[in-house]
């Protein structure tokens, strides 16, 4: 491959990643960008902040096909591409251009650079690639005709001292309809709500209480990664009981809702000796820590 510098920005895709150091703090070793379209094909960048081989000495960056399941059987084509790293001091781009073309097919759907840049060079402030813990990558792909460039912004949020916690006391459990929804609430400029199925959802219907966290803000132009935990609190104000393990999920337009179909069995919930329901009331609590917002 060839390495050179140029002033013109990438034609097809740019991604700005804020708070790069938080990848390490959160233990996130792989990030996949949003899709962009070039030559009637969909692509994305795959970034390994601390190396694909997990040696922590280099950042690895790859160009990958997206949504290959929609392509014909035995699909195959050639493409030439360049991956860019923005120098925020010199206001130009370090370009990593493959020599010749690369063959993309079902067996090999991504190509790139395992040693894109050393972490030492990246973190050297005088080089200008990582400024205020932010860095910018880009891509150009030449395969048939080109489409409009897609730009995304990746924000890694510093971990709050305490996760956001919200609780609801639900009155009249025996009179609830098929589904109960909380009011919307906002954390880090992201809107959420809780959905509860008193008599269970899907395969758990008639057997368990089902509880889900819904990211109202998630959509085609916004993805959110968050840790969350659901709790059912003891009705006599004893210590809350965790009914599930802590989960870390991406909330997207295709998956706006995550949770637990079998949160607690109805037999256990309705057992008066467990004191989850007192005077036909119970309290559900959610704890959320937003980690990444991509727009």
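Note: Cβ is positioned from N, Cα and C throughout, glycine not excepted.
No curator has checked TrEMBL annotations; they are predicted automatically.
Feature annotation from TrEMBL assigns domain 'MATH' to 10-141, 163-288.
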Rounded mean pLDDT for the residues that make up the domain 'MATH' (10-141): 93
For the domain 'MATH' (10-141), residues assigned helix / strand / coil by DSSP: 16 helix, 68 strand, 48 coil
